[in-house]
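Structure, as structure tokens:
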């Protein structure tokens, strides 16, 4: 793999605009090559083939002096008054020198851009380190108070200084760094995140025997201050509890439950430790990415300068890289020291001094792509195809379409099995989404909030969908075969229970507590589904919204599940007849079930509108309300018929369709930007082919109005039962949702890129009062 592709693949997705633009600088070097070829400028190496023989006995000192003479191609100035680095090209008078001058100007621009971004991020992480220090102060004080509530803590303890004082007194060492080859070797280690950080010894002061509890909470901290008396710390601290249960949310409507006084309970201490543990993990992730950003840019500057030397036959890289290595980017290793301190603190305090366990939590290893997953997926796909062929052969051989029981089968068994087909299709679309998200570098794990190394890959999702298809097709085939076999035909009741048995198996696997079949992903899905169902009693996250959007495309599947309850609950399966449509309760819930997914999205939007005080979410709630009205009117027309229901269904569906289509294209996908360089699209596109976006717009609009099938009276097609037609229309909606998913996450990803947002905000467990903040600032100045 060429370095350009390797460089792009190792970037932090959301920071890609802040990296050195390697391809742009490479294009300038190509312009230099084209100029030399067009004007016949000979290479300096060719000119020097027959130069005067300098002798084989020249000493190293003379060689070094000769190289230094050849280095006078550029003059690299230090930091100017405006804080920028500037390079002066000394060979402008040579032929083609203006191209090289442009190259060095753009190179300086890229270097200054990288330096500016890196400085800003370093300042952010050190400021956050100070906040984490104070959080640890409160945690230690709370731990001591919980363990010995009646004992007054002793005098303050000293903490190890890591960065604050060192930052103030840091003097840039002008010594030369390692040679470029060694640095590149270390940089590649960082890029692959396989470097190992040796454990550093902590100097722990000895304490007296009666302070055993205090020793339990001693640690190596991130900054240097003098720890206060623990009672004084707790006096100005309140616990920060997010209302993550429906009860706390309802309670929060009356009282403020976000912050409350400490109760000094073990449960409170445990919750604070767990929350602070997540803070450490996210903070360590920031440091790792920041360190990788530094080293990756250093390698890029090294590579581009070597390429320049090779093209121009000069030796300018030595002088320029010396400046790069001695700059803030190359000579500032406090991020590494802070990273080491974070690891030591986490290992000592949150991992019981178990370094292996601590490093594993801080640096989760990515999943390895196993060949057995691909093999099993292929095997199950082949089995599915074989079962489909067997089903077609069975239907044709026994002429089931001409059988008297065909209509009854389509009225009863087909809705039961169609739910599996709709779910399998949705899983296949999700697998395709993951594949294309990875292909076009959409950071979907960050958007969804997946834990690093725990999310399912597209092969694994495809494996699950293939396994479910084998299970469902085997059930269909066995059901038909038992129905047609004279030996089992008398067991009609047992035969009808096959679909119910399949549903029970799927539910049991989904809620299985054992660590099999991707338990972490299953439980993540269950939690997200529960949070969506309980909306708006939970704070809405991105994954909650996306999941609820998926549910709006599975209305027909929910109605099929309702039919399960009616068919087996009312005992129709014993006689294989469908009397559900004559039941008033079933008809009422037929309305309700179709409305529930849209209701969830509406109340989610209302909750976000209230939390963020952003009216755009209020307009989004109006959109879902119009969809609810349209679904009710179309459902009423399906059940009641009549011109009045027809007019109401057409008008409400038209309004909802236009509203939803506009929202899909303009808000969710971010298209039709004003003054966009890509006509009718947006400025930045991840897919290089504009026709893909135009095609997606057309398909989305057409499938948005698939409801016209119902209001125009198209209920059956030749040789297609009305239930089969309903399933086909539901499948088209799932296909539309799959297309929508890709462009929706692309838009969210580009918004994160524009804001350089590569980390999620993790709330801290403790809140300090403002008075204490000022007092601590004064105390810090005094120190």
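Cβ atoms are placed via backbone N, Cα and C, with glycine included.
What TrEMBL lists as domain 'SPX' is 1-322.
The predicted model assigns the domain 'EXS' (581-776) a mean pLDDT of 88. What TrEMBL lists as domain 'EXS' is 581-776.
Sequence annotations record features per position, and here TrEMBL assigns transmembrane segment to 373-395 (among others). Here the transmembrane segment (373-395) has Cβ contacts under 8 Å with residues 401, 459-460, 462-463, 466-467, 469-470, 473-474, 476-477, 480-481 of the same chain, all six or more residues outside its ends.
According to TrEMBL, the feature transmembrane segment maps to 415-437 (among others).
What TrEMBL records for 458-477 (among others) is transmembrane segment. Same-chain residues lying 6+ beyond the ends of the transmembrane segment (458-477) with a Cβ under 8 Å from its Cβ atoms: 369, 373-374, 376-377, 380-381, 383-384, 387-388, 390-391, 394, 417, 420-421, 423-424, 427-428, 430-432, 434-435, 438, 498-499, 501-502, 505-506, 517-518.
With a cut-off of 8 Å between Cβ atoms, the residues of this chain six or more beyond the transmembrane segment (497-518) that come close are 413, 416-417, 419-420, 456, 460, 464, 468, 471-472, 475, 478-479, 482, 525-526, 564, 568, 573. According to TrEMBL, the feature transmembrane segment maps to 497-518 (among others).
As annotated by TrEMBL, transmembrane segment applies to 585-604 (among others).
The transmembrane segment feature in TrEMBL is assigned to 616-633 (among others).
Long-range contacts of the transmembrane segment (645-663) within its own chain (CB-CB distance under 8 A, at least 6 residues past either end) are made by residues 620, 622-623, 626-627, 629-630, 633-634, 636-637, 700-701, 704-705, 707-708, 710-711. What TrEMBL records for 645-663 (among others) is transmembrane segment.
The transmembrane segment annotation in TrEMBL covers 693-714 (among others).
Residues 552, 555, 591, 594-595, 598-599, 601-603, 605-606, 608-609, 645, 648-649, 652-653, 655-657, 659-660, 663, 667, 707 of the same chain, all 6+ positions outside the transmembrane segment (616-633), place their C-beta atoms under 8 angstroms from a C-beta of that stretch.
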